[in-house]
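K.L.:
To start, I am sharing the structure in question, which I have written as structure tokens.
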Amino acid sequence: MHVFRLRGNFETLDIYSAALFELGARGLEEKPGEVWAYFPERIELPFPGEWQELPDTDWLEAYKRDLQPVRAGPFVVLAPWHTWEGPEKPIVIEPGMAFGTGHHETTRMALETLAERVEPGMRVLDLGTGSGILAIGAALLGAEALGIDIDPAVIPQAIENARRNQVKVQFQVGSLDEAYDPLAETAPQAPPAQPAPTPLVQGPFDLVVANLYAELHTYFAQKYRELFGICGTLILTGILAEREGIVKSALEAAGFGLLARRQEGEWVCLTYAAR
Ligand SMILES: C[S@@+](CC[C@H](N)C(=O)[O-])C[C@H]1O[C@@H](n2cnc3c(N)ncnc32)[C@H](O)[C@@H]1O
């Protein structure tokens, strides 16, 4: 097996992941300070990084074998082959290409915070749903959940995960407007003047959770407010502590009041009240 090692993490290298898969990567794995992209053979890659040969073991099997159940608030996140005896509510997620197995600090914090805030019957939006884990968690707590993601590849995985957990969750491809990536070199300096003609997501929601990244939260700040009626709760994570300031300024300007903050490692999760 050949591995291409890139410096960074899933969050900072998110912009490369689709291209890596298109170029033949069989999987991505986050290591301390690096992301490893596994390829069946060496190819020319237009990214900064270096190749390394690995003994020909089945890395995916090894990865799956090492995967442990994760506790998060009232939940325990399990892979389909795990067994669990305990008071926690299981969420079964197939570890695949979609982000969201519960092992990342941001997913865990979002799931725990969500569980503290969700009440049965609430309308919940999970923006950037990935594996669907947060929407599924909300549905298991009795909410009516919608999960959306700009990556069409994750939606079938999220649907399958909801089926595994025997909950009804709606999933759709999309975002709050056209796919806008503030990190891309070609990104405009200001939000596009013309919003998408038809809103992809119809509010109001009682709770919105988004595990994205600081620049995107900043860009979406006003749009987040439009998702709520008179009030509601917004849970934001995927924020590196060093980027927290820009999110706070934008959210405050958009009329949100900070309710709670938590941090694990370098990652922050902010909970806001829409007001
Ligand atoms: C860090 S993952 C979060 C997955 C899952 N919600 C969790 O907490 O583990 C971010 C997800 O957001 C999606 N995403 C990135 N930019 C987006 C955007 N502008 N609108 C909607 N989804 C987006 C990515 O495709 C990815 O699946």
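A Cβ is built for glycine as well, from the same backbone N, Cα and C atoms used for every other residue.
Just lifted these from TrEMBL, have a look:
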- Thr107, Gly128, Asp149, Asn211: S-adenosyl-L-methionine binding site (BINDING)
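Describe each of these features in terms of where it is and what it packs against.
P.N.:
Secondary structure at Thr107 (S-adenosyl-L-methionine binding site), taken from DSSP and collapsed to helix, strand or coil, is helix. In this view, Thr107 (S-adenosyl-L-methionine binding site) is surrounded by 26 other Cβ atoms within 10 Å of its Cβ, with every protein chain counted.
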K.L.:
If you count the other Cβ atoms within 10 Å of each Cβ, which of the binding-site residues Asp149, Asn211 comes out on top?
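P.N.:
Neighbour-count leader: Asn211.
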